[in-house]
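If you look up TrEMBL, you'll see 8-262 marked as domain 'Nucleotidyl transferase'. Taken from TrEMBL, the feature alpha-D-glucose 1-phosphate binding site covers Tyr101, Gly166, Glu181, Lys182, Ser192.
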Amino acid sequence: MRSNAMVAMILAGGRGSRLHDLTKKVAKPAVHFGGKYRIIDFPLSNCANSGINTVGVLTQYESVLLNAYVAKDQFWGLDTNDGGVFVLPPRERDQTGFEVYRGTADAITQNIDFLDSIEPEYVLILSGDHIYKMNYEKMLKHHIAKGADATIAVLQVPMKEASRFGIMNCDKNDMIQEFEEKPAHPKSNLASMGIYIFTYKTLRKYLLEDDKNEQSSHDFGKDIIPAYLDDNKVLTAYRFKGYWKDVGTIDSLWESNMDLLKNNNALNLGDPDWKIYTEDINALPQFIGENAVVRNSYITQGSVVLGKVNNSVLGTNSFIDEGADVQDSVILTGAKIGSGAKITRCIVADNVEIGSGVVLGSADSDHIELIAKNVTE
């Protein structure tokens, strides 16, 4: 693949409202994950590992931290002479005067000049809030071999859950015949992962036509893909069989962190052949006190553990005091758990302090409790 034959565009502008206070002041792709990472490290690392040199990150809500973070493109080895990571905020205003992207397709349309300046043959559209490892070059080879105008990455999901997803109905050669958005009675279990490869020349034409349509929601799933199908364009499904998780809710974010603690977990962050890169934090090594008890847990650099930690993930510079008991929980960067406190099935947000003797969460709860503010008693 020639340099910049395929450009990646990461959609990182969603509100992330289902993560509640975790995204009150931070864009969802910038939320911490797995101790030392941020969610957006995954698509950016996938791009770097796949040989993609140029990446546009389309930001919008609460984007100050995210913009500053992705601008440091050397973290992912993308600081090349013929590429880099480019922060692309919206330039059009809504009726309230705020600059916004009206939808996923509009986000790309507003940046057509950026794409035209690079002249890619293909455009890869990604979401900035999924946890997975994927070789996009293999997907591109599939796209080219099928002679496709568009290729959509799909994942087989349990049939009983298929109505939660955009579903692809395909023929025996995985050519897409029909796309249904969250169907009540799905005919297939091939769910869209929100990962697309488009031949750019064709996509450009459809985006400009969609931009003129006042009835359009300017969305890939609702507008662009159906338009391709109506015009009998060649759409193919690319089956993905690895680990993938949409971490758009508190429960799913917790579940994905817990998946890291399983034996032979499918994500395998230690794989030397497909590294997930992140910022280089200047922190001391972890410290485990002489009376501490740690079992089956991720303890990130700078963390201090003086109490008990079981089946949990501790973020950078977190602190677990003597007598504290942390069970089945995710403690994010800089959080402090006081002496004698008991934390069970919780996510404790960045820099939150839990006072001595405080009890939060329950082993019997069906849902994960988010602790986003200091708790003293």
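The backbone N, Cα and C atoms fix where each Cβ goes, and this holds for glycine too.
Those TrEMBL annotations? Automatic predictions, nothing curated.
Overlay of TrEMBL feature records on the structure.
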| residue | record | Cβ within 10 Å |
| --- | --- | --- |
| Tyr101 | alpha-D-glucose 1-phosphate binding site | 26 |
| Gly166 | alpha-D-glucose 1-phosphate binding site | 21 |
| Glu181 | alpha-D-glucose 1-phosphate binding site | 13 |
| Lys182 | alpha-D-glucose 1-phosphate binding site | 12 |
| Ser192 | alpha-D-glucose 1-phosphate binding site | 21 |
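According to DSSP, Lys182 (alpha-D-glucose 1-phosphate binding site) is assigned to coil rather than to any helix or strand. Pairwise Cα distances among Tyr101, Gly166, Glu181, Lys182, Ser192, the recorded alpha-D-glucose 1-phosphate-binding residues, top out at 23 Å. Mapped onto three states, the DSSP output places Tyr101 (alpha-D-glucose 1-phosphate binding site) in coil.
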